[in-house]
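Okay, so here's the structure we're looking at.
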Amino acid sequence: MENFTYNSFMLQLEGIDFTKDVVYTAFFLFLAFYIFAMTLNLAFLILVITEKNLHQPMYILFCNLTVSDIIAATEVFPRLLVDILRPPSERLISYYECVVQAFLTQWVSSTSHTVLMIMAFDRYVAICNPLRYSAIMTTSMLVKLSVSAWGVPFLFVSVLIGLSVRLNRCRTFVSNPLCDNASLFKLSCESVEINNIYGLFYTVLLLVASVGCIVLTYGKIAVICLTSKNKTMKKKALKTCSTHLVVYLVLSFSGFSAIALHRFPQYSYYRKILTILFYIIPGSLNTIIYGIQSKESKEIRNFLSEKIKTHQCFQLKNNK
């Protein structure tokens with residue numbers, strides 16, 4: 001089969017079509033979400049760097065998740081906002097830019113899970129081995145955990161995207177508001193059986209490792225809490241673990257909801273909306289959840305409260 005040559009390096013994104021009545025409302029709503037999420041995440045990073053009492057393994061590891069959220073939102077939303085205001089025929093993206101976007105979105109999505117896995121390990125050591133916590137969670141250990149959380153998904157995603165890039169292209173239409181791995185291999189008319197097998201393998205591996213890590217660490221923490229008579233330790237375990245678990249559930253629910261809707265073509269519009277929200281809702285909520293729940297982070301709670309009030313005032317002014 002011959003390669004598709006006409007305009008082969010430019011692709012057309014399907015985007016999200018809004019009626020003329022709501023297109024500007026949707027634009028400013030997504031813009032507000034993007035600004036809100038970026039402000040919270042950047043402020044958290046600055047706060048952890050500048051506040052010495054936040055130089056703790058839990059917050060340092062959480063910064064990995066914050067960086068992941070910043071990369072994902074920045075890769076997706078600026079282009080999405082521009083495309084919302086463009087007619088469908090002008091929503092063009094180069095093939096190489098599409099590949100980069102697919103790689104980055106897939107990489108940071110996977111990294112979010114691996115970061116939560118190493119955070120679960122941190123909580124396990126803090127609660128089950130408190131006397132050895134400082135000896136185990138050293139600077140060297142933090143570097144190793146962080147590198148692993150980013151490096152392992154990088155290798156798997158490189159293979160995943162590489163399998164799609166190797167295919168010859170015969171289409172130029174991306175039936176999605178953004179480029180992902182599925183969008184890349186759907187541009188080809190060749191067999192994508194290998195892509196499907198490897199994609200399924202990687203998805204199952206990531207899911208099993210992620211859920212397994214959470215179940216294993218939290219199972220041991222639960223046993224310690226049930227057998228211990230130390231009420232202070234139980235209260236601390238409940239507070240820190242519930243924070244981590246809520247963040248994990250928000251991420252998992254957002255991601256798997258979008259994946260599940262792939263099986264229902266009649267709901268493609270809602271799938272596209274959920275796909276976009278996946279890159280903004282967890283990123284907005286993660287910092288808020290940790291700011292509210294963590295007793296060590298009075299600075300974070302004060303900052304979040306101030307920003308939320310500012311955001312509410314901004315929305316009220318717009319409504320007027």
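Placement of Cβ uses the backbone N, Cα and C atoms for every residue, glycine included.
The transmembrane segment annotation in TrEMBL covers 22-47, 142-165, 200-224, 245-261, 273-292. Per TrEMBL, the feature domain 'G-protein coupled receptors family 1 profile' maps to 40-290.
Comparison of 142-165, 200-224, 245-261, 273-292 by number of C-beta pairs under 8 angstroms to the transmembrane segment (22-47) places 273-292 first. Averaged across the domain 'G-protein coupled receptors family 1 profile' (40-290), pLDDT for the predicted model comes to 86. Outside the transmembrane segment (245-261) by six or more residues, the chain places 65, 109, 112-113, 116, 210, 214, 218, 267-268, 270-271, 274-275, 277-278, 281-282, 285-286, 289-290, 293 with a CB less than 8 A from a CB of the stretch. For the transmembrane segment (142-165), same-chain residues at least 6 beyond its ends with a Cβ under 8 Å from one of its own Cβ atoms are 57, 60-61, 64, 99, 102-103, 106-107, 110-111, 114-115, 117-118, 121-122, 181, 184-185, 188, 194-195, 198-199, 202, 205-206.
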